[in-house]
Structure formats: C-alpha cells, structure tokens
Amino acid sequence: VDGAGRAIRTFQVWDYAVFACLFVVSSAIGVFFAVKGRKQVSSKEFLVGGRQMTFGPVALSLTASFMSAVTVLGAPSEVYRFGASFILFGIAYSFVVIFTAQLFVPVFYRSGITSTYEYLELRFCKVVRVAATLIYIVQTILYTGVVVFAPALALNQVTGFDLWGSIYATGIVCTFYCTLGGLKAVVWSDAFQMVVMLVGFMTVLVQGSWSTGGVNNVWHTSQAGQRLEVFDFDPSPLRRHTFWTITVGGTFTWLGIYGVNQSTIQRCISCKSETHARLALYFNLLGLLVILLCSVFSGLIMYTFYAACDPWTAQYIKAPDQLMPYFVMEILGEYPGLPGLFVACAFSGTLSTVAASINALATVTYEDLVSQCCGNISNQAATLISKGLCVVYGVACTSMAIAASHMGGIVQAALSIHGMCGGPMLGLFSLGILFPCANSKGAAGGLILGIALSFWVGIGAFLYPASSNSTHPLGLSTEGCFLANATFNATVATPMPPSVYGCLSFTIFILGCKVVTLSPRIFTITCSVTYHLTKCHTNHTNTHNLNLHYTLIYNIQ
C-alpha cells in the first residue's frame, strides 16, 4: 500500500506478455537481417548497412535513440514540477538539426569515412584521432550502463516490475540483434520501438485526458497552477529553465550529440545519398517535436490529476521520477496489458539507445583501433571481429548497469563525465571544420585544455552545489490527500531532492570558449558545454532511492 493506505497495483501476467512482445519482435528483426545478409561478408555492410539505407527508417531510428526513457519518465516530471517551459527545447532541436544537416553531415558524408574520428586524422593527426576515440569509448560505456539501470529502478519501485530481469533482458536482447543483424537491425528495431513509444504515449494521453475531465480542464488547471508560463527571459545563468539556458545551452549541448557523435553520424552516412542523410535529420526533427509535445502534455495532465494531492510531497512515492509510473498505474492499472504497454514504451527508448551505443562502440573500436593495428584484414575476418566487438560491448554496458546499482553517488559522476567530455569534442571537430589555419598541435592543446577546464568546473559544481533558490520550483498541494501521519496539509513549494536527474537537468548550460595561443599565428578554440550541477548532494548514496537521472539531451547513443 502507499502512503494513503491504497493498494498499489503491480504488474500482472498480461503486462509481462505485452512487454515481452517488445523484446521478441526486436530479436526477430535481428534474426531477419542476419538471414537476409548471410551471404554478405563485408564489414561495411555490417557496420554502415552498405550505405544503402533510406531516410525513413533512419529518421525513426534517430528519434528513438535520442528520446529514450528520459522523455517517457523524466520530462513529464519536469513539466509537473517546473512548468511547460520545457517545450522550448523544440527551438534548440530545430537549430541543432539545421546545423548538423548543413554543416557537419556534408563534411563527414563526402569524406567517405565510417568512424567520425577518421576525420580527425585526415584533418590533424593520428594521436588526436586515438585520443578522441578513447574518450568516446569510456564516456559511452559509463552513460549506457546508467541508461539501462535508472529507468529499470524507477519502474521497479512503482510497478513492481522485476529490476534485474529487465536489466539482463535489455543487455542480452540488444547484444543479440546488434551482433546478428548489424546496423540494419539496429535501425529497423529502432523504427519499431519508435512506434511503440508513440502508441504508449498516446494511450496515456487519451486515458489521462479522460480521467482529468478533458483538455479544457487540463488547460485551465495548468494555467491556474502557473504551469503555462513558458517564456522567462531572465539572463541569469543560474536559473534552471529560462529561454536562454534552454535555447542557447540546449543548442550547443545537443549539437555535441547530433553534430559530431558517432551514433548519429554513423546512421546518416549509412544513407544511400547525402540528400537522404539530410532528409533523415529533418524528418527526425518532426519526430523529436512530436515526442516533446507528448511529454509536455503528459506532464500537464499529470499535474491536473494530482492538483489537490501531490503524491511526492505526500510521500506516497520516494522520488519525483516515479511520478509518471505511479500516474500510469493509477489510470491504466485496471486495464490488463496497458501498464505493460507503457513500460514497453519506456524501454523502447532504452533498447534503442543501448543498441545504438553498442553498434557505434564496435564501429569506432574496429575502424580506429583494430584496423590500424592489424593491417590487412579480410572482409570475413573484419565482420567476425565487428560482431565479436558487439558482444564485448554488450557485456560491458550490461556490467556497467549492474555496477551502477552499487555505485550510489558515483553514478552522478558517470553522467557528469559524459557531459564534460562532450563540449571539448564538439570544439575539436568545429575547429577542424571552421578554422582552416588550425594545426594538430593546436587541436591537441585545445582538447587537453578544454577537458581540463570542463572537469574543473564540473567537479567544482559537484562539490559545491548552487543554492536551491535558483531552481524556482512551482507550488504543489497536499490539501486533498489522506496523509498517514497527518502532519501537514497545505500548498507548498517543494524543494528539490538530491536527484541525479535533477542535478543534470537543472543544468545550467555554460558555454565556455577557451582560446589557447600556441604560436603567434595559431589559435585553438575549444568550445565546451559544461554541465553545472546545481543541486547535487553528494552524501545521498542509497541506490534504492536513486531518481532516474537522464540529461534531457542525451539519449544518446
């Protein structure tokens, strides 16, 4: 029972059956492409789909991979507590897609490369390429492990969904279809999972609207609760969500994910033409905006449903990131299979993110390390090595997810490292593309300084979090609650908990431009987006109370 003495609905047989269908179909797609391509032994076929993909499935794949459980579980909670300003990320997404399609993709596509880091050797030198590759491998494994663990934990605590079963199933299934079918299996599985995400969201939106008295009631209640105050032009970089922190900071942050990330670029260069690659990005933008609207409206519906009784303040749940699963179990729990559909919706994003990570890790490892060390490798051997690398990284990411359950506050650092490396990497590629005068010494020096400065700011923010006065949480009420201890009964502005998700999504996107003079004529400019963790308490290490913490931007890979 929860804090109100009500029975908490848990997963039933039909829910597990619906959820299992997600894994079965994803695995079947991998088997299909393994059988279909059994006579094709080229590593290029396995890693980049023979560069014959069309824009449709690639667009769906990009959307699914970069909108994982962060959107399904985290974004509605953000809107519930801080209002609909989250929708301004749509502006950032638009700028990011335009820059990527018009600036970065043409360079990578015309270079004929498989790994984005090949460009760094062509432009600078092998040392820069290898350094960037190693940074990417470490940060991606750290991030992907947390991506698997965090949503599984949040769902387990509310729905009773098996924690370890979901973690192992995710790792095994993703590794299975990545290894068998290569990039084609990843792309088409992502496309299917994107459909599941949309169906899950629409189910929640329809039933949620009906349960709250319709769209008009949702609008008026949200307006009365100040949830519709979207535009805040406060120039302070210490504010959680303002027009400037979301649009400017969000643009540079997502640009590091979309513009130069191996997972994105690999799928773009798998297209049959540069035109298809650009179309994939633009159609992907439509998908991003649709999912963004669904998540924002879900948050408003959830606020309307709990306007008189906030379950987090009333201590019915342990963390804000459990709000969405708790809400879904309340409105869909009596319908067999529908809670399972919602969990499938959340895990669709997780599967697509993990699969894309495994495939991208295998690609950069083979192209940037193995092939450089081993000389001439036959196509058959190259394919077998690539598949072996998929298995290795599948095990590594799953192991990281298991380790995350024992790491407590260190999990915060894992995601922070990912963010602190992203800015300097964006700066490195931008330097090569935008500044013809830059040389390898400037690139190496700028990368080192950029990472050092990012870690300095990031670690400082981790050790000395900013005041909660900067967060401006909106009011939540418990007037309609039955409280077990009946100690309070009022409308309160709820303070933020020590949530990793809160830390990273509170984030102030600080764009640092470091200019390093390496000679009288050479300047290296390394742009780094540093994720300033403003409400992070490092003494909270109980993983059973760990909130889902996804940066709003990554679902990377």
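The count begins at 1 with the first shown residue.
A Cβ is built for glycine as well, from the same backbone N, Cα and C atoms used for every other residue.
Given the structure is predicted, the values throughout are model-derived calculations rather than measurements.
Record features, source TrEMBL:
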TRANSMEM  16-35  transmembrane segment
TRANSMEM  55-74  transmembrane segment
TRANSMEM  86-109  transmembrane segment
TRANSMEM  130-155  transmembrane segment
TRANSMEM  161-180  transmembrane segment
TRANSMEM  192-210  transmembrane segment
TRANSMEM  281-306  transmembrane segment
TRANSMEM  341-364  transmembrane segment
TRANSMEM  384-404  transmembrane segment
TRANSMEM  410-435  transmembrane segment
TRANSMEM  447-466  transmembrane segment
TRANSMEM  499-518  transmembrane segment
Check the transmembrane segment (16-35) against each of 55-74, 86-109, 161-180, 447-466 and return whichever range has the most CB pairs under 8 Å. 161-180
Counting Cβ pairs closer than 8 Å to the transmembrane segment (384-404), the top stretch among 55-74, 161-180, 192-210, 341-364, 447-466 is 161-180
If I count Cβ-Cβ pairs under 8 A between the transmembrane segment (55-74) and each of 130-155, 161-180, 192-210, 281-306, 447-466, which range comes out on top? 281-306
Three or more CB pairs closer than 8 Å, sequence separation of 6 or more: does that hold for the transmembrane segment (161-180) against the transmembrane segment (192-210)? no
Maximum Cβ pairs under 8 Å to the transmembrane segment (130-155) - stretch from the list 192-210, 281-306, 341-364, 447-466: 341-364
Per the Cβ under 8 Å criterion, with at least 6 residues separating them from its ends, the transmembrane segment (281-306) contacts 55-56, 58-60, 62-63, 66-67, 71-72, 75-80, 84, 86-87, 89-90, 93-94, 97, 100-101, 105, 194, 197-198, 201-202, 204-205, 208-209, 211-213, 217-219, 221-222, 225, 227-228, 258, 268, 323-324, 327, 330-331
